[in-house]
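K.L.:
One structure is given below, represented as structure tokens, and several questions about it will come after.
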């Protein structure tokens, strides 16, 4: 039996690098999706093909970390995690199509892993609840691919719903729906892809996580969430000033997430926009994960009339989001494109987007 299963990319409205610190985040699922079509066969491997790559990749069912590399490592990691948890995985043929841009900060990796998990589960009749699937997906990304990411991307892909943002508490692993329908208030969410690509596997992302872990250790706690209620004064006990800045971002970002959710409840998109901009400033000044190109896009959007703008995703490239009055959307988009090109960068791809359904079997 051939099955098809789709999983979306995501935009994190606010709450960056908070998930592995057991804080808060507020993502939405995107209309852009990765679809995996899987036909089980009596073989000892899965042959995977992607519309983003030439040729095919062979994934042995008994694969181990490091055996499969490149784009296919994410699919292999999903297979490895399923089998490690005792779930059945048959051999077969797997076809992957996607309109989630790789390296754009929209979590193409989580979309791929989620779609593979869903397709194999649907083909075998295996029922795995969404939280467990998110944990399997994180295990695939952390332990097979080697990217030290948290649960945010996977929870967003699995729990996403139309006109809904997801307030995630990573300490308790709870997901609370929050109405997100800016169009009803004549506001649009612009997605501005800088075309500067980034990678999570290794590098700066891992350094930021290690910095946060050192800060927590200096404070005598297991995670920075444990000092959230103490306020910024608690950070004086952190030995390294850079680690202290990283921790300050996490604590202030957690509060911005809660304030943003409250603003949505009041349909106050002016306040929500201001929080986006404050988040971007914190990522630039305290967490040091933006770039000159990303800063230019965010700042140009605000100057042109956006209510607020911020980078979304792990950093060092990717995309910027902005809340924009509907009647200013074209001017903001044109201004951002022109500013980037004038500065010598590729023209950003600017589009409207919205909260869409989460992962599901395709008809």
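Backbone N, Cα and C atoms are what each Cβ position is placed from, and that goes for glycine too.
Straight from Swiss-Prot, here's the annotation block:
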SITE      10  site 'Transition state stabilizer'
BINDING   16, 17, 18, 19, 205  substrate binding site
BINDING   50, 103, 104, 105, 106, 107, 108, 109  ATP binding site
BINDING   109, 141  Mg(2+) binding site
ACT_SITE  153  active site, proton acceptor
K.L.:
Which of the recorded positions 16, 18, 141, 153, 205 has its Cα closest in space to the Cα of residue 50 (ATP binding site)?
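P.N.:
That would be 141, nearest by Cα distance.
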K.L.:
Could you tell me which of these recorded positions, 10, 17, has the fewest other Cβ atoms within 10 Å of its Cβ?
P.N.:
17
K.L.:
Using Cα-Cα distances with a 10 Å cut-off, which of the recorded positions 10, 17, 141, 153 are near residue 107 (ATP binding site)?
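P.N.:
Those near residue 107 (ATP binding site) - Cα within 10 Å - are 10, 153, in sequence order.
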K.L.:
What whole-number distance in angstrom separates the two most remote CA atoms of the ATP-binding residues 50, 103, 104, 105, 106, 107, 108, 109?
P.N.:
20
K.L.:
Under DSSP, is residue 106 (ATP binding site) part of a helix or a strand, or is it coil?
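P.N.:
Going by the DSSP assignment, residue 106 (ATP binding site) belongs to neither helix nor strand, so it counts as coil.
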K.L.:
Just checking the binding-site residues 19, 108, 109: which sit within 10 A of residue 141 (Mg(2+) binding site), CA to CA?
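P.N.:
Close binding-site residues: 109.
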K.L.:
Counting Cβ atoms within 10 Å across all protein chains shown, which of the binding-site residues 18, 50, 108 comes out on top?
P.N.:
18
K.L.:
What same-chain residues, at least 6 away in sequence, bring their CB to under 8 Å of the CB of residue 16 (substrate binding site)?
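P.N.:
Set apart from residue 16 (substrate binding site) by at least 6 residues yet with Cβ under 8 Å, we have 25, 253, 279, 283, 287, 289, 311, 312, 313, 314, 315.
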K.L.:
Which entry in the list of binding-site residues, 103, 105, has its Cβ near the fewest other Cβ atoms, using 10 Å as the limit?
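P.N.:
If we count Cβ atoms within 10 Å for the binding-site residues 103, 105, the smallest count is at 103.
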K.L.:
Distance between residue 104 (ATP binding site) and residue 10 (site 'Transition state stabilizer') at the Cα atoms, whole Å?
P.N.:
11
K.L.:
Taking residue 105 (ATP binding site) as the reference, which of 10, 17, 19 (the recorded positions) have a CA within 10 A of its CA?
P.N.:
10
K.L.:
List only the single closest residue to residue 108 (ATP binding site), chosen from the recorded positions 10, 17, 19, 205 by CA-CA distance.
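P.N.:
Closest recorded candidate to residue 108 (ATP binding site) by Cα: 10.
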K.L.:
What does the structure give for the C-alpha distance between residue 205 (substrate binding site) and residue 106 (ATP binding site)? Integer Å is fine.
P.N.:
15
